[in-house]
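What follows is one structure encoded as structure tokens, with my remarks underneath.
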């Protein structure tokens, strides 16, 4: 019975609006839409594109530690099926133009000619754009930290991914561009393996790349270690999936209240009137929004007609709903979230501590994960703290909120920490942080540069309190 009926929409001419004289508001023909769409925001809308370096004056970078979200992916199978069925809704909008609705304007906007380009069977797979996201990121990181990637010395790198196609493929794309290694050589054992089996496999691989210079200089080796940890055993990059108390919480009451509140009700009413539809559901609104933002991020140079369904103000309401969800699901809104994020802090501190005593450490540590682990970690680090909590009732006061998921965890979001050995009187070791390639200031650090001795005390105190017992408590 799905298909036309699964949308639960009653198509109707806007006779009531015409009789009552209600003003009909159509979206402007201006194609410059609100850019930020939460976790489905394209990375190109967010990252720092000014070039530059990630190296401090009078210092030598000795390691970069990075946490990276997978690149642009396809929707899940359920959303793909629903978007494919949007052709029925599209036809209703175009043909039911008896009264002066906005249908003719949407026809001009190519909604009439819209055809979904999604293919069943690719649910949550990394898209071609996602491969580009990670390849270009690798290229820029290498350019900003050339000393770490220098071919003339022996060195090693560590890569680890969660056991999903999108994170493994993201890791492959990054490595291929950073080291000029064919992606086919990276974890070849999974090429013909089902996704279900990948999620259960603990995979390890070591690759050594030999650099032979043109002149009579000594050759050098680059050793790269890869690891994919099965979800059931992943207590670092998918810890939340193994935390019973975290998973059993359900949707926060503030999120439910906002979805059922006046701002969302106005979005439903205005979009219903604009499209010539009656009794449009919240599920339909979120589906139109998903069609808009997935199409826009999968095809950066091709506008999605479904984005014309909304005004910029309506897009801000939908963005806030997802901000609110993440604020309580994996952000500062609940205490358990910072506790789950501390394990990655401990990992980073452990790596940097070994560098103090010239320990045998890789030049780069790269972890590939998901939006929720990114926000759990950022929360533990104290990033994007809001002085006033986000709630269902203060949307109008939150235009300048720090907690904005579009800016924090778009596709291919990344957090980088660079450890430096310095020749300066103030500190022998310094650390700098970057979020989506933008310099990030951590509390207690001067001008974005942290004295490692002081930073170690601060982060070490957080790391010392990591305790999985919280996952056994009833919240």
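Each residue, glycine too, has its Cβ placed from N, Cα and C.
In the three-state DSSP classification, residue 59 (disulfide bond) falls within a strand. Annotated disulfide bond per TrEMBL: 59-422 (among others), in sequence order.
The DSSP secondary structure for residue 292 (disulfide bond) is helix. Neighbour list (residue 292 (disulfide bond), Cβ cut-off 8 Å, at least 6 residues apart, same chain): 37, 304, 306, 307, 309, 310. Taken from TrEMBL, the feature disulfide bond applies to 292-307 (among others).
The signal peptide annotation in TrEMBL covers 1-21.
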Using a Cβ-Cβ cut-off under 8 angstroms and a sequence gap of six or more, which residues of the chain neighbour residue 59 (disulfide bond)?
420, 421, 422, 423, 424, 430
Neighbour-count leader, CB within 10 A, disulfide-bonded residues: 307, 422:
307
Per DSSP, to which secondary structure element type does residue 307 (disulfide bond) belong, with helix, strand and coil as the options?
helix
